[in-house]
Amino acid sequence: MMVKQHMLFTLYSICGIVLKDILAISVAATKNKVRGAQGQFPIVQNMTVTEGGIANLTCRVEHNDNTSLQWSNPAQQTLFFGDKKALRDNRIELVRATSQELTISISEVTLADEGMYTCSLFTMPVKTAKAFLTVLGVPKKPEINGLTKPLLEGDQITLTCVTSGSKPAADVRWFKNEKEVKGAKEVNASGKTFTVKSSLQLLVNRHDDGVAYTCRVDHVSLTATHEETTQVLEVHYAPYVEIKHSIPAPLEGQYLKLECVPHGNPSPDPVLWTKDGGELPDLDRVIVEGRELTFMSLNKTDNGTYRCEATNHLGTSQAEYKLVVKDPNALPGPPDHALIGGIVAVVVFATLCLIIVLGRYLARHKGTYLTNEAKGADDAPDADTAIINADGNHAHAEEKKEYFI
C-alpha cells in the first residue's frame, strides 16, 4: 500500500514538471510573437488614376507571421479582409493575397472613389498605413458657340469655347490656322470638377473667309493626345475685279486674251464685258467665253477701253484695260552693233591723232623765252647796259617796219 502511494506521488511530480515546462515554452513563444509583431508595419503608396481607369492598391509587410491584412475605403468600409471580400461591389476584385501582401483593384474608377484608403495589420495593437487615391477628371470635348453662317464683312462676333468635367482645371487654347491666338479665360468650379471657358472677339473681314479657328483642350489626363474642335468661317463680301492680259505690248496681227478675275463671296458670275461704255464690236473676230475676252488677230480698230463688271447681292465692281495696238513696222528695230562699233572706233582714232599732233606742236615750240630785260644781255657788261641795248633793239625793230600802200 505504501509502495503504491509512493509511485502515485512520483508520477504526479513528473507530470507537474512537464506541465510547467510546457507552459513556460508557450509563454515564451507568445512573448516572441508579440515582440516580432511589434516590429512590423504595413507599407502602401499613394496613387493617381484617370476617371474610368483601374486603380491597384497594394499593401506589403516584411517577415509577417500570418497576421491578417485588411483594406478599407474612405468611408471605413472593409473591402477585403485577407482573401475574403467584405463589400459587395463588382468593380472591386482581389489581385493577390499572401501573408506579406494584399493587393486589390478598383475598375471603372469614378470621382467618388477618390480619398484616403487604409491598410490594417491585425497585430496587438493594430497597425495601419494610409494611401490617398487621386482621380483625374477627364475634360469633355470642347464646344464652340457664337458662330453663325454666313457672316458679313464688318461683323463683330465673339467665339466662346467651353469644356467641362476636368479635374484639375483644363487649359484651353485658340488657334487661327494652326497659329496660336490669345483668348480670355474663365474657370468655374462645379462640385469636384471644373468648367473652363475661353472667349475670342473678332472683327470679320474678307480675309477671314475660309479661316479655321480651333479650340484645343490640354489636360494631365490626356497624356497621348488632346481634345479639340474646329470651326471654319464663311464670310460674304462685295466683289472686286482685276483684268489679266496675255501679252504686255499688243501688235497688229497678234493673238490677245483678256481674263476678268472677280473676287467675292458669293462668287460673282457671270461677268459683263463692254468697250468704251458700249457693246463689243465684231463678235465674229472677238470671242467672249465665260470670263475671257479673246482677240484672234488684232488691228487698230480694236483700240479702246475695255471694262469688266462683276456683281453679287452685296455690290458691284469693275476694272478697265486700255488697249493700244501698235504697227510692228513702225517700231524701232534692234540696235546696229556694227555701226555703233564703227563710230566708237572713229572717235577713238580721231582722239589719238589729236593727241599726237598736239604733242608734236608742243615739242617744236619748246624753248626759252626772253623777257625785254634779257634781250642784248649777252654783250652788255652790266644790267643797266643790257636794258639800254634791249630798248635800242626794240626801236631799231620799229624802224625796220615796211608799209605797203
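Even glycines carry a Cβ here, placed using N, Cα and C.
Here TrEMBL flags 42-121 (among others) as domain 'Ig-like'.
The domain 'Ig-like' annotation in TrEMBL covers 142-231 (among others).
Using DSSP to sort the residues of the domain 'Ig-like' (239-324) gives these counts of helix, strand and coil: 3 helix, 49 strand, 34 coil. Under the heading domain 'Ig-like', TrEMBL lists 239-324 (among others).
Long-range Cβ contacts of the transmembrane segment (338-358) within its own chain (Cβ-Cβ under 8 Å, at least 6 residues beyond either end) are absent. Feature annotation from TrEMBL assigns transmembrane segment to 338-358.
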Tally of residues which DSSP labels helix, strand or coil - the domain 'Ig-like' (42-121):
3 helix, 40 strand, 37 coil
Provide the three-state DSSP residue tally for the domain 'Ig-like' (142-231): helix first, then strand, then coil.
3 helix, 56 strand, 31 coil
Taken over the domain 'Ig-like' (42-121), the model's mean pLDDT:
94
